[in-house]
Amino acid sequence: MNWFEVALLGLVQGLTEFLPISSSAHLRIVGQFLPNAEDPGAAFTAITQLGTETAVVVYFWRDIVRIVKAWAGSLAGKVSRQDPDARMGWLVILGSLPIIVLGLLFQDQIESVLRSMWIVATMLIVFGLILAVADAVGKQERDLTQLTYKHGILYGFAQAMALIPGVSRSGGTITAGLLMGYTREAAARYSFLLAIPAVFGSGLYQLYKVVSKDGITGPYGLPETALATVIAFVVGYVIIGWFLKFVSTRSYRLFVWYRIFLGLALYLLLGFGVISA
């Protein structure tokens, strides 16, 4: 067991999950520079994301409790479905459908061919440029009370793009939000809430497979993965507050340049054979 490696990967997961730079890409990249030079694997990535998503639940627990109560009340007919919190509950469910369906349909590709470092590098650059355009041209006038069901499903398809490492779940959803005219902070908040069902679903499914039958694939076993998950939770909790404050006053330009630089650096490293695809 290499506890230093998994601690580092947990730190990376916590630092990058909520930033629009793709945590799965960073786990894939950092894995290449560790002594065993292996991909940590889709299962390791999904399970460690349980840590960062638990940080979302803890950070937003008041909002989540309020939304769940209102949504449950709307099911029972005690609360109007037009109640802002009840609507948010339905919007999160609606927005989660694309990633659930596409994740199941393309599970084999997601866990194999789509983890190619060439694809990671390309997605970092392409979606970095799209984020730059969205940040520049988005009107940034709408808040979450103006979120429509149509926009909710579009957010959902943007989130589903993050099944490809390098796209970034938060980056995809934030980009979609900006293009639809939402403020930076509103786009980020809905991105956090929207991720809860998808990330918990994926992580718990992978955990079930590990515990019940398959065993974890990749270089790290369940104890190491558990440590990485705990570290990801602690670091992720800190990052959420920082990121929301950052985007309330600053543009996403810093993340755009970082994505482009990292993507180009990966092309060079792959081209010269320093790392393998």
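Placement of Cβ uses the backbone N, Cα and C atoms for every residue, glycine included.
Copied over from Swiss-Prot:
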type     : residues : note
TRANSMEM : 88-108   : transmembrane segment
TRANSMEM : 117-137  : transmembrane segment
TRANSMEM : 157-179  : transmembrane segment
TRANSMEM : 191-211  : transmembrane segment
TRANSMEM : 227-247  : transmembrane segment
TRANSMEM : 255-275  : transmembrane segment
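Remark: the transmembrane segment (88-108) contacts the transmembrane segment (157-179), by the rule of 3 or more CB pairs under 8 A. For the transmembrane segment (117-137), the partner stretch with the highest count of Cβ pairs under 8 angstroms, out of 157-179, 227-247, 255-275, is 255-275. Counting only same-chain residues 6+ beyond the ends of the transmembrane segment (227-247), those with a CB under 8 A from a CB of the stretch are 3, 6-7, 9-11, 13-15, 17-19, 44, 47-52, 54-56, 58-59, 184-185, 188-189, 192, 220.
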